[in-house]
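Worksheet: the structure to be examined is printed underneath.
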Amino acid sequence: MITLGCLVVLMSLLALGAGATGIPLSRVLSIMMEPSSVPSGEALVILQVRLPRLLLGLLIGAALACSGALMQGLFRNPLADPGLVGVSAGAALAAAATIVVGDALLAPLIGPLSFVALPIGAFVGGLITTFALYLVATRQGRTSIATMLLAGVAFGALSGALMGFLSYLSDDRQLRDLSFWSLGSLSGATWTKVAAATPLILPVLIVTPFLARGLNALALGEAEAFHLGVPVQRLKAVAILLVAVTVGASVACAGMIGFIGIVVPHILRLTAGPDHRMLLPASALLGAALLVLADTVARTIAAPAELPIGILTAAFGAPFFLWLLLRRQGGVGL
Amino acid sequence: MSPILEARNIDYRTGGRMLIEGINLSIESGTLTIVIGPNGAGKSTLLRVLCGELPPAHGEVRLNGSSIHAIPTWRLAHSRAVMPQASELGFPFSAFEVAHLGVEGIGRGLSHHDRQRIVLDALEQADVGHLAHRNYQTLSGGERQRVHFARVLAQLNAGRSIETRQVLFLDEPIASLDLKHQLALMNKAQTLSRQGLTIIAVLHDLQLAADTGDTLVLLQAGRLIAQGKADTVLSPDRLSEVFGVSLVPQSLPPSPWKLTLQNNWPGAAQN
């Protein structure tokens, strides 16, 4: 855990220093301590561009990894991921709808408030998808995990189809915005976004460790968890809500960034075991470090242009996921 | 003393099918009750209703004098434990960690050290102490079943700090066990019931049921056909009627030997 904490700090300093304009570490530190003591150009880059981007990256990385771990605990399956069950897709679809349809319909209504329409759209989309999944998969107060996974695949496909339809409708500028949503990027980071994401994501990160004992027991099965004194239905409802909040908030700020939620908890299970009391907070830390690293690479590898971070995480994450599948010789147990 | 567990005219139905119907049971504290019956008779369903997992459509289950559905989930976990049929686990927990789930959040005034000791002790009693650090996912069906037996023993032991009148439910606890461990587990169950624990088990082996149970409960098609001592419940007529097998004692010579357990399961020897 301490190692992970150090990793987060290290990655953060790296992220602040690296970029189209390289800034040495000593100057980064002095800017952080005393902004007036250095050339204003560099201070501006650090304080207005890289610092909000770093904070957003930390928040979203932590949120994605943590919601991945939560969802895997909830589904009792290490292959579950918000991206996999269509929650991210639902959130992105709602965001896309806000871009394409909202421009025409909502702009006159809300005018100056349009910059919050997107995050709210994504959040509502995530919540609706999660809730719909829950409704489809729940009979007589019991959630069937298999149904939920399969319904998630259907929701993902439906979102994809609607997304395609939206891009068919949209003009050039909207198309660029849409591809931003489906690829994922932290390039739009501003202090406003940091301020919007913090109150949504931070409380979730603080609350999740309290679900750890229940999720450990849930690994045995829902009936077994109930026998062990865990209020299973309440646990599931809370976990679903937390996943919807974090995924909605991250998709709103940075679009769809895949695989962090599946790779990070898995690495941790391999190295430190599956106990959720460790897994949940450690996932948040490693997720934050990994996403910031990925973002640093994304914006330096082809500087001054930058790669959408979603391409990078998918390029590394998808083979990892396949490797995971191949390693599970017993097949995917539902 | 009033019965520890009572079922009053309980029905359970799902998908329009009646799984158990009109069952009345009264179970005394410190007895070993064995539920028998052919496949699909509703044995497991009865167990799941009795332990509070499934709410009956009609009727009521009372544990220690109060309605089991009125008891908070957390509190209930101190009064009863349920050993499931061996299950899959999605994550690589060790056998120790699985058994340790039985003591997390259970009990009062137990230190970290106490809980560790309870778990290690339970693993020894279930003869899986040597597997403590093995990955549960790599264990055989029988080993998994014994790990779950350790888990419920640990849960009851930890729960005893709050509730001493406890019930243990065993759903086909010996289904995947080899002969030695079948006998050892049922021996252990008998010992525990003599120490005051109430045990309700579903078994398929009528011989073992007759040998170990204080009371047998015979189910057929969701209804209770008979209950009582083995010799009254297992009459030849009833066996042929319920199980479709005939008991023909005269035509076979009596078996010259009977299987008994040697004292090589440490937990069974201690108590």
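Cβ from N, Cα, C; glycine included.
The annotation transmembrane segment is assigned in TrEMBL to A:54-75 (among others).
Per TrEMBL, the feature transmembrane segment maps to A:87-110 (among others).
Annotation comment: TrEMBL describes A:116-137 (among others) as transmembrane segment.
Same-chain residues lying 6+ beyond the ends of the transmembrane segment (A:149-170) with a Cβ under 8 Å from its Cβ atoms: 75, 77, 80, 84-87, 89-90, 92-93, 96-97, 99-101, 129, 132-133, 136-137, 178, 182, 334. Taken from TrEMBL, the feature transmembrane segment applies to A:149-170 (among others).
The feature transmembrane segment is assigned by TrEMBL to A:190-212 (among others).
Tertiary proximity for the transmembrane segment (A:238-267) is limited to same-chain residues at least six positions away from its ends with a CB under 8 Å from its CB atoms, namely 56, 59-61, 63-74, 78-79, 81-84, 87-89, 91-92, 95, 118-127, 129-131, 133-134, 180-186, 188-189, 193, 196-197, 200-201, 204, 207-208, 211, 215, 279, 283, 286-287, 290-291, 308-310, 313-314, 316-318, 320-321, 324. Feature annotation from TrEMBL assigns transmembrane segment to A:238-267 (among others).
Here TrEMBL flags A:279-298 (among others) as transmembrane segment.
For A:305-326 (among others), the entry in TrEMBL reads transmembrane segment. Away from its own ends, the transmembrane segment (A:305-326) comes close to residues 78-79, 179-180, 182-187, 254-260, 262-263, 266, 291, 294-295, 297-299, 332 of its chain (Cβ-Cβ under 8 Å, at least six residues beyond either end).
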The transmembrane segment (A:279-298) and the transmembrane segment (A:54-75) contact flag, 3+ Cβ pairs under 8 angstroms: yes
Same-chain residues near the transmembrane segment (A:116-137), Cβ under 8 Å, at least 6 residues beyond its ends: 85-95, 97-99, 102, 106, 110, 143-145, 147-148, 151-152, 155, 159, 193, 196, 200, 237, 240-241, 243-245, 247-249, 251-253
